[in-house]
Amino acid sequence: MSVESKKPREACCSKLKLFLASLAFVYFAKAFGGAYMKSSITQIERRFDIPSSLIGVIDGSFEMGNLLVIAFVSYFGAKLHRPRLIGIGCVIMAAGSFLIALPHLLQGPYKYETSVSHNKDVNSTESILPCLSNHSMTEADDTPDLETKTACEKAAGSSMWIYVFLGNMLRGIGETPVMPLGVSYLDDFSREENTPFYLACIHTVGILGPMFGFMLGSYLAKIYVDIGSVDLDSITINYKDSRWVGAWWLGFIVTGTLILLSSIPFWFLPKSLPKQGQEQSESKSKSTELATVAEQENFLPEENQEQEEKEKPVTFQELAKDFIPSLKRLFRNSIFSLMILTYLVAVNGFIGMITFKPKYLEQIYGQSASKAIFLIGILNLPAVALGIITGGFVLKRFKLGVIGAARVSISASVGSFCLLAIQVFIRCENAEVAGLTVSYQGAPQVSYNPQTLLSQCNMGCSCSMKHWDPVCAYNGMTYTSPCLAGCQTSTGTGKEMVFHNCTCVGEMMTPGMNMSAVLGQCPRKSDCDRIFKIYMALSVVGSFISACGGTPGYIVLLRSIQQDLKSLALGMQTLIVRTLGGIPPPIYFGALIDRTCLKWGTKQCGGRGACRLYDADAFRMTFMGLITGLYFLANMLWGGLYIKIVKRQKKLALRNQAKENGQEGNGAVNGHANISIAKNKEDEERRGEESTI
């Protein structure tokens with residue numbers, strides 16, 4: 001081959017490698033942004049004082065945006081300039097991230113709820129009298145009139161969460177072209193044997209995104225929301241407090257900038273490239289084209305123009321005529337339908353778990369939001385990545401077929417389910433909060449109502465029962481406010497404030513002992529750390545085992561569909577799983593979790609805010625019980641699916657054996673379940689011809 005012919009090929013390959021590197025960077029950036037969004041759920045909930053059910057709607061808006069344009073992008077995108085469409089998608093994603101951060105700039109500083117007006121003067125001593133103050137704090141419990149409330153909400157920016165909802169939806173719209181158009185472009189212009197390796201590279205880089213996203217979320221959760229605009233010494237709460245809001249907005253500026261940078265190379269890539277290695281083996285390239293599956297041909301309008309456009313003019317009427325029968329054929333395939341149902345149930349459990357797991361670690365094991373997010377990013381996500389790679393390696397190493405892949409997948413599913421079931425029973429004791437989880441005398445609280453916050457020790461203090469401003473007494477019990485602890489005086493400022501002569505603390509202590517309390521909730525009992533380590537170990541091993549079944553499960557799905565329906569099948573799987581598996585779980589998980597709340601926060605303008613304290617046992621049974629139930633159902637469906645796959649493979653084996661032995665009649669009947677309608681007709685015609693002969 002001459003030097004001249006080598007040059008364009010090298011240029012083509014370098015452009016393909018540029019596309020590969022750019023696509024890998026986009027995969028990393030979008031996964032980074034998506035994971036950061038998940039890690040910021042708790043911070044956004046607290047900042048806008050909204051319940052978990054509403055935060056579920058905000059979280060689901062990404063899938064809503066994705067579904068709005070997925071059909072349009074998948075079909076028309078293949079006929080347009082794919083790299084530029086991916087670039088446009090990245091710009092839209094970046095705009096969405098910036099829009100999410102916008103409310104921080106439009107709102108005033110964050111005002112957390114507190115029951116006392118904390119003094120900023122360092123020189124003052126004993127200036128605050130929580131219980132003995134002359135003014136009545138019951139006024140704070142009164143509901144403000146509608147006009148006052150509306151004016152206050154306008155000033156506080158209570159509806160600013162809508163920007164977060166719309167921004168997340170924009171992120172979903174922008175993410176849509178990346179996967180279908182990026183993978184198809186790579187598949188079209190790379191050697192067939194190189195495509196799996198290229199895809200593996202992209203996904204490996206993409207796996208790093210969630211790890212970095214959760215680590216950034218953990219770091220920013222420790223930084224106060226209004227960093228740079230308020231005096232941090234005047235802040236009386238720390239990052240472990242349930243009212244604390246981290247610098248959530250800063251992360252969206254970082255992720256938006258990264259996604260914007262990732263879009264740059266796509267504006268300089270061509271619409272199409274010569275097929276990789278085409279000059280070396282033209283005949284091989286032609287045979288590869290013939291062997292290519294139906295979805296690849298759909299993404300190559302230029303190469304198939306003469307044949308494709310003559311046979312099927314691109315009109316909606318023609319598409320509709322072909323679409324409905326294909327859809328009927330697809331869903332008549334019982335294995336495909338059952339597979340979609342299994343995926344749907346499992347994805348419901350997974351999405352619900354990943355959305356609210358940081359909150360679960362906070363409420364059940366007393367971890368801070370920052371630590372919970374960090375542990376998920378540094379332990380669970382690498383275990384998932386390793387599991388996906390291990391599953392693929394097992395398939396390749398042992399050259400497993402459909403039944404082998406199904407066995408690996410169902411074994412992984414059952415194994416992870418068993419570990420999940422054990423996690424349901426691993427718990428720490430409820431946080432001891434007087435009047436909520438225990439009585440003021442330390443006995444377990446049977447039921448809660450606002451009146452249980454009152455006791456003989458604080459009856460004369462005229463305390464507000466709506467506010468959450470916890471203090472930790474030296475007896476190890478948390479009180480919902482200094483006033484409800486019956487504290488008479490205070491010293492110090494900011495986080496160092498100490499309350500003295502707390503009458504309610506004295507009820508549980510022998511006379512003469514320390515009756516002081518400090519700001520914040522009391523830490524959990526010492527054995528809770530040991531229990532938490534056991535839970536995390538089981539969670540990490542469970543994540544690894546569950547992920548091992550991911551790749552084999554996908555192979556089973558691909559092998560259970562006729563070649564000409566594969567593109568439609570994957571599109572329908574994405575549509576159904578994202579619609580019913582991505583949007584509803586955060587909403588119904590959030591609504592059920594809200595029902596376990598013991599103490600709701602109070603908004604700046606009155607009304608119910610975000611939850612401050614949950615009934616740990618009710619939360620655990622609701623959250624883990626729901627996930628376990630969904631995974632149990634998924635395992636039952638996997639069992640039925642496995643039986644169907646084995647039966648189909650047996651029929652196929654009998655048919656092939658019958659073909660070899662010349663018993664076409666019985667073979668065709670036995671093989672009927674696994675072949676397409678077109679092949680059945682051919683077999684029938686062939687049998688008819690042979691019988692005639």
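Cβ from N, Cα, C; glycine included.
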Residues flagged as transmembrane segment in TrEMBL, choosing from 9-31, 400-422: 400-422
Long-range neighbours of the transmembrane segment (400-422), counting only residues six or more past its ends (CB under 8 A): 346, 387, 391, 394, 538-539, 541-543, 545-549, 552-553, 555-556, 559-560, 624, 627-628, 631-632, 634-635, 638-639, 641-642, 645-646, 649
Considering the transmembrane segment (55-78), which listed stretch of 85-106, 197-225, 372-394 counts the most C-beta pairs under 8 Å: 85-106
Averaged pLDDT, computed only over the residues in the domain 'Kazal-like' (451-506): 86
